[in-house]
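Residues annotated as S-adenosyl-L-methionine binding site in Swiss-Prot: GLY42, GLY43, HIS44, ASP62, PHE86, ASP107, GLN114.
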Amino acid sequence: MNADAVQQYQHRTVLLDEAVDALALGGERANGVYVDGTFGRGGHSRKILQQLGSGARLLAFDKDTQAIANAATIDDQRFEIAHDSFATLSEALAVRGIKQVDGVLLDLGISSPQVDDATRGFSFRADGPLDMRMDTTRGMSAAEWLATETEQKIEKVIREYGEERFAFQIAKAIVARRAVEPISSTRQLAEIVARTVKTREKGKDPATRTFQAIRIFINQELEELEVVLNEAYRYLAPHGRLVVISFHSLEDRIVKQFMAGKANVPQPDRRLPIRAIDLPQPEMKLLSRVKPSAAEISENPRARSAVMRVAERLSPAARVVQ
């Protein structure tokens, strides 16, 4: 990708207006406490700050050191960023004495600048070190993991996190190749997969699923998502909004099931003598499922797989059936 194309992608936040609107920042809520769990390059945070009142507070998270450096350009006493995973939400709020929040926004996946920077190792389109860590200051790189992991575990990761039907063959090829030389670059891994996967999906590079799987595993993306969903719910004030943008089916499935589990509760047999006030009540209300418009996808093709789900925490009074 040339420099112009890289620049083109750097400042495009997917579903920017829709996500911030979903937080419902008007009225008294304008002076609430909000969380941007994935600062990235700050598109959502900056727009949220534009709509918040002087008494509001916005706490952002990001594991990427480049994102933290970018956040330093925001000179606003209402804003603070934590160099950590959003899975540490509970600890971060407790340290700051925050008892509840009025909205949580999560924009999952990786940002365009991360993909386009070959030194990060996220993309198979340009050669670079096989790293794939969101936070390059911590943890094991993809190259280090592939050098030591068992063939069975590599297969499991590629199959489960990449939904790759050739996971067995790819894992076998990786182990065979590492016996000859270290697999230390994105090009090496992409070539291994390309030689192994004989059936090609239309419009998709054969390495797509394998790179996704390893990235998800290295960064514990799905485990951290499950943690933050529960912590966000725990801290949401009545009528607080949970807004989540996901980019692949594994993420979206977790978000959908979590929200549905809070919104839909099993009802006991109606023939049982149970008072209405004692019946199980929903804890959240499902508000919307939004996809990017055709216009946004045309301007930013990377938005095409995005899905935004929005739910609102119900107040105790609202959860009682009258």
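Keep in mind that glycine also has a Cβ here, set from the backbone N, Cα and C atoms.
All features noted in Swiss-Prot, drawn onto the structure.
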| residue | record | DSSP class |
| --- | --- | --- |
| GLY42 | S-adenosyl-L-methionine binding site | coil |
| ASP62 | S-adenosyl-L-methionine binding site | strand |
| PHE86 | S-adenosyl-L-methionine binding site | helix |
| ASP107 | S-adenosyl-L-methionine binding site | strand |
| GLN114 | S-adenosyl-L-methionine binding site | helix |
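Around the Cβ of GLN114 (S-adenosyl-L-methionine binding site), the number of neighbouring Cβ atoms within 10 Å comes to 20. Residues within less than 8 Å, Cβ to Cβ, of PHE86 (S-adenosyl-L-methionine binding site) and separated from it by at least 6 positions along the same chain comprise VAL35, GLY37, THR38, PHE61, LEU106, GLU224, VAL228.
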